[in-house]
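Undergrad: Got these off Swiss-Prot a minute ago, pasting:
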type: BINDING; residues: HIS14, ASP165, ALA166, LYS167, LYS252, PHE253, ASP261, ARG267, LYS268, ALA284, LYS288; note: ATP binding site
type: BINDING; residues: ASP16; note: Mg(2+) binding site
type: BINDING; residues: GLU42; note: K(+) binding site
type: BINDING; residues: GLU55, GLN98, ASP261, LYS292; note: L-methionine binding site
type: REGION; residues: 98-108; note: region 'Flexible loop'
Amino acid sequence: MSYLFTSESVSEGHPDKVSDQISDAILDQFLATDPDSKVACETLVTTGQVVLAGEVKSRSYVDVQETARRVIERIGYTKSEYGFDTRSCGIFSSIHEQSADINRGVDRSDRSEQGAGDQGMMFGYATNETENYMPLTVDLAHHLLYELAAIRKEPSSPMPYLRPDAKSQVTIEHDDEGRPVRIDTIVISTQHDEFVQASDGISEAEADRMMQERIHHDIATILIPRVKMLYKPEIAALFDEKVRLFVNPTGKFVIGGPHGDTGLTGRKIIVDTYGGRASHGGGAFSGKDPSKVDRSAAYAARHIAKNMVAAGVADEMLVQVAYAIGVAEPVSIYVNTKGRSHVALSDGQIAEKIKKIFDMRPYAIEQRLKLRNPIYEETAAYGHFGREPYEAYKTFVDEHGTEQMRIVELFTWEKLDYVDKIRAEFGLS
């Protein structure tokens, strides 16, 4: 029997994502000049104000206020009428030194035996329903907002009224084998200028109706066609005439961003991962250096699941890994192929083979995925998974105010670099 499944995403201008991006930008600045930095940075944003807090152990000096303002400007909060803008917002920092009690459980003279930064369980997931091995619902939700932001930032934008805050939600019908067969509903809520105002000849209700009609038309005729072009024909065909499209269902979305809602680091953990299709251990990613297994082990688990599915071991795979604080080896590795395995092994036996192929000690993960590099700001909006790995030039400022250019490799956990090893281990051709 067919069923409906829904995932959501939020834009880079959503207040929680503003917080995530500031936290990760500060993390990157520390790692750029001291790769051994231990960082846990939390951000709160609200009307006209940014509050930074957290714990750091580093040889670097970072101008956290300047870093936060740069992020806010890049996102697009540059006008005072937004109630939150890069030039006038106040920034308060209460970042302090990391607890020695935590650090003693992590650092080791033999770095390969570095302990996990905390206890907990982390999950990785992959499915072959899309080219990037992500659930289509969340992949489409991300692409809708990524393209909407791109339209907003165009010099001669066809949607010049757009503001930074936005949300999307996608509902897809799946057949009884879990394959997407039809897009049922798309919801887009996007912040906008008040580009039609009540006057002598136009009531407030009429002005609101005119704005909503224009935005709905532009989403349907500008945004949706651009997003369809990103996909192969078989997925683009799921956008049929029966799709229900809701645009700004409340009728108006002028007040938004941190002025409309307070934002906090780590409040969009389902958007950051698999859109609700897979389990989540509860630990957020942003603002955390890779000694925190909440982040590094979740990336490693995704790397495993994606390579296993790409190798043909299963059509779908969930991987759980769990740690004790201060202990290097994980206490457990669990696999669930949801009954869609292509090998004559139990899920427990598959997990044993994973242990042979992948070293899941924290330091080994850091080295394998190059996680001690300043690579995190780019992850903090539009999902940490399903992104294309690439090299980028990034500029950082050292403690002397000198700019440094770095080439870094982003989204290394999305590489399909273990497929051959997996096929050899499982005897797959």
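FYI, residue positions are counted from 1 along the chain as it appears here.
Backbone N, Cα and C define each Cβ position, glycine as well.
Please go over these features one by one and say how buried each is and what sits next to it.
TA: Counting every protein chain shown, the number of other Cβ atoms lying within 10 Å of the Cβ of LYS268 (ATP binding site) is 24. Classification of LYS268 (ATP binding site) by DSSP places it in coil, neither helical nor stranded.
Secondary structure at ASP16 (Mg(2+) binding site), as computed by DSSP, is helix.
Around the Cβ of GLU42 (K(+) binding site), the number of neighbouring Cβ atoms within 10 Å comes to 21. In the three-state DSSP assignment, the secondary structure recorded for GLU42 (K(+) binding site) is strand.
Annotation for GLN98 (L-methionine binding site): spatial neighbours LYS38, ALA40, GLU55, VAL56, LYS57, criterion Cβ-Cβ under 8 Å with sequence separation of six or more.
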Undergrad: Could you tell me the mean pLDDT over the region 'Flexible loop' (98-108), as a whole number?
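TA: Over the region 'Flexible loop' (98-108), the predicted model scores a mean pLDDT of 62.
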Undergrad: Return the member of ASP16, GLU42, LYS292 nearest to ALA166 (ATP binding site) in space, with distance defined Cα to Cα and candidates limited to these binding-site residues.
TA: ASP16
Undergrad: Counting Cβ neighbours within 10 Å across all chains shown, tell me which of the binding-site residues LYS288, LYS292 comes out on top.
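TA: Highest number of other Cβ atoms within 10 Å: LYS288.
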Undergrad: Report, in whole Å, the straight Cα-to-Cα distance of GLU42 (K(+) binding site) from HIS14 (ATP binding site).
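TA: Cα-Cα distance, HIS14 (ATP binding site) to GLU42 (K(+) binding site): 16 Å.
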